[in-house]
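Taken straight from Swiss-Prot:
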COMPBIAS  20-44  compositional bias 'Basic and acidic residues'
COMPBIAS  235-248  compositional bias 'Acidic residues'
COMPBIAS  498-510  compositional bias 'Basic residues'
COMPBIAS  529-550  compositional bias 'Basic and acidic residues'
COMPBIAS  557-578  compositional bias 'Basic and acidic residues'
CROSSLNK  Lys349  SUMO2 cross-link
CROSSLNK  Lys408  SUMO2 cross-link
MOD_RES   Ser2  N-acetylserine
MOD_RES   Ser215  phosphoserine
MOD_RES   Ser227  phosphoserine
MOD_RES   Ser235  phosphoserine
REGION    1-63  region 'Disordered'
REGION    77-100  region 'Disordered'
REGION    206-254  region 'Disordered'
REGION    491-586  region 'Disordered'
MOTIF     129-169  motif 'Bipartite nuclear localization signal'
ZN_FING   118-135  zinc finger
Amino acid sequence: MSATVVDAVNAAPLSGSKEMSLEEPKKMTREDWRKKKELEEQRKLGNAPAEVDEEGKDINPHIPQYISSVPWYIDPSKRPTLKHQRPQPEKQKQFSSSGEWYKRGVKENSIITKYRKGACENCGAMTHKKKDCFERPRRVGAKFTGTNIAPDEHVQPQLMFDYDGKRDRWNGYNPEEHMKIVEEYAKVDLAKRTLKAQKLQEELASGKLVEQANSPKHQWGEEEPNSQTEKDHNSEDEDEDKYADDIDMPGQNFDSKRRITVRNLRIREDIAKYLRNLDPNSAYYDPKTRAMRENPYANAGKNPDEVSYAGDNFVRYTGDTISMAQTQLFAWEAYDRGSEVHLQADPTKLELLYKSFKVKKEDFKEQQKESILEKYGGQEHLDAPPAELLLAQTEDYVEYSRHGTVIKGQERAVACSKYEEDVKIHNHTHIWGSYWKEGRWGYKCCHSFFKYSYCTGEAGKEIVNSEECIINDITGDESVKKPQTLMELHQEKLKEEKKKKKKKKKKHRKSSSDSDDEEKKHEKLKKALNAEEARLLHVKETMQIDERKRPYNSIYETREPTEEEMEAYRMKRQRPDDPMASFLGQ
């Protein structure tokens, strides 16, 4: 069978350019091998022309043979080529061009008057089926009526972009959209010019420009500072400055003085740190960190509170910097006294130790103060009122009106909250909401539950309490039972007897179950004691054997000991500290 296959392959016609010889490859002679190697050397040196592939491209002679040799399954003709090393066209992905993009604003101009085969049975569009239709389900579909057929939706193309195409920020941008912005700016400029021309015409009609031109100082190039025309112009310029921001468009700055438009101008009025004092001997500026710790105005004689910038040193003393320094100082002092604490190694331990130290320090000061006062006295001098009240005069000037309000001076008022809740109205001494009872809010001073009521004081409290007593008496009278009939009394008696019988049965069951449980516990404890005695005996025998001859014994058990086993262990355990243990052993 193999011979017939070989004959059939040999008999097959071969094309001229792609002749495939299935004959056995002939072995190269020594002379042919030598000539081939010499030709390769000449090509590498550039003395012989390089090999050319089927596309007319030169093959680099320095490429190794394992790269340049063609596999038999790609090209059996064994022609010189590097096509197998290049990207294969059938495996290359097809990407969309940079000009392609999704279509926007596609109008549905096509009108369909007849149902088409394969369209949606509900609306008649060709782009989807009935189960994917978003239109409201019709009672009779477009397939059967043939009327009101919906137009086909525009199917957006599936765009596949390469690496650069995905990151192209201008892909899909229409340059014609920018013309709308240009037209808007042109309209604003035209409106400004129209307003300016209209103002000039009004001034010319009123004669202001003629008067200004005919003035003698204007002819000599001088201006009248106090003239009415200049005042009018100044007022107009002020109005233009006032409303210039309303006329501005984003990205431009309108200067009303120069009548020009400056676009994209960023005005920075802040001063750099290194420009505040140009003296080279002033505060040092570090360009790497952009920091200037010292005050640049230190040598200028200015007060640091008056200048806008006084250096970056204030940042070093803000936040927890001071407390951190105090904690570090405490750690050093504690380490000198033998305490092993460190700010970086044990920060939590140091913080707790420092807090306890501060508490003890305050307590020690208080105790020292109390002991001194107790020993020498003088507590009454510490409780004395301030010197202003003792002397009954102050240097604070206060001027009052006839109504009692302060006109000048400082008023020593009671510190109250800024909120409205602390406002006391209608002679109340407590605020609304200071008293609560039975789900209602009121005033604590009179127990009134009405917000805008007047305060009645203790009398109001007594009235509220008396009303509560009357209400309780009424409810107590209502709760008195009505007289019962003989039938109702008999039924209640039967119910009570049934309840008593049930209680007796339950008690009997409980007593019997308790006795059974005690017997079971006693038996379990007896078994546990026997097992514990056997274990102790086994341990005693094992300890008498030589250590090298003892058998393997594992103390590990997977189960947890029961309560009876623990009780037996406690009862049999030897206590050498007990003075009566020796008597019990005898």
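Just so you know, the numbers here start at 1 and follow the chain as drawn.
From the backbone N, Cα and C atoms, a Cβ is placed for every residue, glycine too.
On a predicted model such as this, the values are computed, not experimentally measured, just so you know.
Counting same-chain residues at least six beyond the ends of the compositional bias 'Basic and acidic residues' (557-578), those with a Cβ under 8 angstroms from any Cβ of the stretch are 521, 524-525, 527-529, 531-533, 536. Cα to Cα, Lys349 (SUMO2 cross-link) and Lys408 (SUMO2 cross-link) are separated by 56 Å.
Remote same-chain residues near the compositional bias 'Basic residues' (498-510) are listed as none (criterion: CB distance under 8 Å, separation of at least six residues from the stretch ends).
Reduced to three states, the DSSP call for Lys349 (SUMO2 cross-link) is helix.
Same-chain neighbours of the motif 'Bipartite nuclear localization signal' (129-169): 93-96, 98, 100-103, 106, 108, 110-115, 119-123, counting only residues six or more beyond its ends whose CB sits under 8 Å from a CB of the stretch.
Confidence for the motif 'Bipartite nuclear localization signal' (129-169), expressed as mean pLDDT, is 92. Break the compositional bias 'Basic and acidic residues' (529-550) down by DSSP state and the numbers are 19 helix, 0 strand, 3 coil.
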